[in-house]
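Step one of this worksheet: look at the structure below.
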């Protein structure tokens, strides 16, 4: 609707920079999802959530990118498609790999185990998609992919996830310790949670770690 208004007025449609999205628009969405995530069922089904969230999202990205690359190489008479490289297809695959199934089933009554699997997977798949997107983008900018770069990319991918867990754990402990002294001033507690959550996200992003996991 807004795009149509811009076109009708003859104005140029403003571009949303990805840095603006990652630093300003994405964090509140992540906070909402993480804050209402039921921790106990998540820990009980952690293995399955990690399987769907990490392995499933990586498979999604590679499968979509690979199929798209195959379709481009079949040849449809379009030079744009035939000139599309594998990295471009993988980049697109990483963007579409994060499926937000939790949003679809949020209002439907379902068993707790199904709810936590969908909810946990949707959060982790977002984190995997962002890290994969940045990794493929780095490969695309350098315009050359070697086995050494792939190996370093796998290490960077692992470090982004583990580093995000470490940063998030540190700020979680800090938040728990701080809120011990705010029991008589309840009005301050939301501000403490909001501040530490934002610092956890920004601290992780500053070191190219996964701010979503943090």
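Note: Cβ is positioned from N, Cα and C throughout, glycine not excepted.
Looking at 97-116, 117-136, the stretch flagged in TrEMBL as transmembrane segment turns out to be 117-136. Counting same-chain residues at least six beyond the ends of the transmembrane segment (20-37), those with a Cβ under 8 angstroms from any Cβ of the stretch are 102, 119-120, 122-123, 126, 130, 193-194, 197-198, 201-202, 205, 211-212.
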